[in-house]
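Engineer: Have a look at this one.
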């Protein structure tokens with residue numbers, strides 16, 4: 001069970017979890033540590049101005065998109081995105097175990113009560129110390145996070161099995177050894193904390209203080225607290241919401257947001273998730289067994305390499321001694337090469353042993369932790385963490401299956417010495433390759449008839465030469481950054497076809513492929529030049545739009561079912577080049593003021609475009625228009641829209657500007673400057689307006705000529 005200890009320690013304080021709570025990202029943290037890493041945000045970032053709460057966050061943040069990309073937008077334009085809504089950037093520190101920790105928002109309260117129950121500063125933000133995802137707390141503060149009763153039970157059992165000394169639960173820094181436990185408060189104290197937080201006077205004088213060992217026994221014998229609903233603290237969980245994947249109480253079903261969701265019996269889902277976790281553990285257990293056998297094989301390889309090295313050196317010395325008069329100078333050079341090869345092989349094998357040992361220890365720890373979790377009889381507590389554990393188990397199992405259990409180095413020295421040449425040819429004496437049975441694979445051939453580009457995606461296909469007899473274990477596809485920069489790996493695997501998304505529009509990329517096996521890698525294929533689409537073709541995105549938006553015409557036409565303004569985004573984001581699209585007004589009743597422009601992916605969807613700091617827009621009625629960003633209105637311009645009007649939006653990253661047009665005439669000055677980052681086309685409207693999107697358009701001639709003059 002020693003490997004499991006990593007699963008039981010808080011990433012902030014490095015000690016065993018004390019009163020752990022579950023963050024929305026499924027990671028755990030001590031209640032006291034959660035309070036210490038709270039950060040108070042400015043009023044402009046308050047929950048009223050952002051779609052975030054203690055139990056919910058917005059989908060993405062454009063800063064996180066750039067930071068979490070496989071490669072930055074400036075470098076290549078393709079990558080993998082994801083993350084919580086970020087809090088404002090805050091200087092970070094390093095905790096003892098190397099995770100990111102924000103500075104305390106305020107001094108910890110000096111009270112004998114649980115720190116998480118004290119008041120939380122208004123507009124507080126907390127960042128997960130493991131995945132660095134952030135969210136803003138609602139009025140409930142830390143009480144909005146469920147407590148991990150299952151983890152508490154596992155820690156109690158682990159500490160009992162280790163007979164570990166009980167620590168004080170209120171020490172601000174390194175916890176000292178506890179000297180007493182209050183049976184009423186259920187808290188362990190050291191002497192200084194007891195005198196400061198639990199003085200023997202007033203109501204506390206009636207509390208019973210017992211030795212820590214006796215307190216541990218009484219705590220173990222007392223029934224464990226049942227997990228309660230975070231929204232209704234007096235109610236126990238009674239059902240499981242299938243849509244939200246969380247236990248809920250009966251009040252949530254009758255009054256809360258789960259009233260229209262599908263629910264199932266708590267006990268049935270508890271058994272189902274236990275069964276799923278057990279099945280996942282079976283597969284991971286097999287991988288762990290294979291890993292142990294693989295480590296034995298690697299350790300044997302070290303001995304074999306040592307023996308083969310000695311044998312090879314002896315053979316080399318014997319051959320050199322026969323030609324000693326002519327080979328003295330050459331012998332030293334050859335021995336140096338053998339030693340270098342020897343050290344290289346050992347280094348590769350030892351590095352792989354170290355890597356596999358760490359991975360196996362982590363896998364074993366996860367397995368032991370999961371087995372302990374399965375022993376728990378708290379259905380709601382188990383269901384709070386089961387989905388995350390199942391995903392972790394599957395992910396760990398997949399990681400073992402990606403060529404991890406294959407030696408990276410052979411034990412043989414693929415060298416031999418040819419001593420047949422005459423003495424006058426000694427200066428040409430060198431090692432020759434003898435292991436012709438294991439050559440590298442042949443160079444792959446790109447199948448040009450199957451390679452193509454569509455919009456900002458590229459599909460490439462390749463194959464081995466028809467007469468090749470050496471099998472390839474996999475392929476490595478490389479692309480440059482679209483600006484003639486260095487090549488970077490974008491795919492490694494056994495497939496012979498790959499589609500790369502997220503490239504820049506109107507850009508030229510170079511692609512090449514090579515094959516590999518245990519012996520090494522092949523030569524690169526011929527370089528293929530790929531040209532992405534000059535203009536962007538896209539539609540509106542139903543997945544990110546407000547639920548009141550109504551789509552038609554293959555998602556090119558939108559209107560709304562509400563009298564309030566609702567936001568819809570385009571499916572394609574831009575960060576480079578010049579892009580132009582138009583929207584025609586199909587219906588315009590009662591003089592509303594729709595807004596057109598660009599926005600980040602996490603823009604607010606239930607207010608007019610431009611009300612928050614994630615959108616840059618022009619809103620217009622039948623007489624005039626305004627530019628708006630972060631609820632700031634500028635540049636009132638005469639001239640409005642009617643049914644049949646055309647609104648043009650021009651996003652120019654070369655000049656870092658955003659410009660608007662109405663009926664082919666520029667509306668006002670340049671709307672916004674210094675435009676940088678990842679932007680999505682955006683519209684806000686109500687039920688009185690219907691618009692149709694037109695894409696794949698060239699930049700207007702009058703703008704191009706004006707730009708060339710400038």
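Just so it is clear, glycine is given a Cβ too, placed from its N, Cα and C backbone atoms.
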Engineer: From the ranges 52-94, 95-137, 224-266, grab the one Swiss-Prot calls zinc finger.
Structural biologist: 224-266
Engineer: Sort the residues of the domain 'Fibronectin type-III' (440-535) into helix, strand and coil with DSSP and give the three counts.
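Structural biologist: Per-class counts: 3 helix, 42 strand, 51 coil.
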Engineer: Could you give the mean pLDDT over the domain 'B30.2/SPRY' (533-702), rounded to a whole number?
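Structural biologist: Summarising the domain 'B30.2/SPRY' (533-702) by its mean pLDDT gives 94.
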